[in-house]
């Protein structure tokens, strides 16, 4: 089974959208195996967004992601990364289809409500930043 990380960003948490977003992912047939709420600090943000460190928007991204609480969740299932990416929609909500999280709930390209792993390999790394293996729960979903 493939695992992937979902972050509900500060704009999503502040607008009370966490439950709706998590529910959308479960409706895809993905099983939530880890969940926590936290205030991301600059050190964790730097590690999480390290691939973007040299991009011009990096500083603004770190400022935004550390501006309020986030919800981190791990989902598991067949093709979990692909299913979640499709359900999230394009990075820019203005270019996202209706029916996707960003198309329905995103504000702008920065406040786009969610982050999701873009590959199974990156998911493993990202999950390890937010969860220890002992915090992930294996159970039979019925």
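Glycine too: its Cβ is placed from the backbone N, Cα and C atoms.
Noted in Swiss-Prot for the protein shown:
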type	residues	note
BINDING	9, 57, 85, 91, 102, 112	ATP binding site
REGION	87-106	region 'Disordered'
ACT_SITE	115	active site, pros-phosphohistidine intermediate
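Candidate binding-site residues: 9, 57, 102. Nearest to residue 115 (active site, pros-phosphohistidine intermediate) by Cα distance: 9. Of the listed binding-site residues, namely 91, 112, the sparsest Cβ surroundings within 10 Å are found at 91. Binding residues for ATP (9, 57, 85, 91, 102, 112) extend across at most 21 Å, taking the greatest CA-CA distance. Note: residue 57 (ATP binding site) has non-local neighbours 110, i.e. same-chain residues 6+ apart with C-beta under 8 A of its own C-beta. Cβ-based crowding with a 10 Å cutoff singles out 115 as the top-ranked of the recorded positions 85, 115.
Remark: secondary structure over the region 'Disordered' (87-106) totals 10 helix, 0 strand, 10 coil, with classes taken from DSSP.
Here residue 9 (ATP binding site) comes close to 64, 65, 70, 111, 112, 113, 114, 115: these same-chain residues lie at least six apart in sequence, with C-beta atoms under 8 angstroms from its C-beta. Residue 115 (active site, pros-phosphohistidine intermediate) falls within a strand segment according to DSSP.
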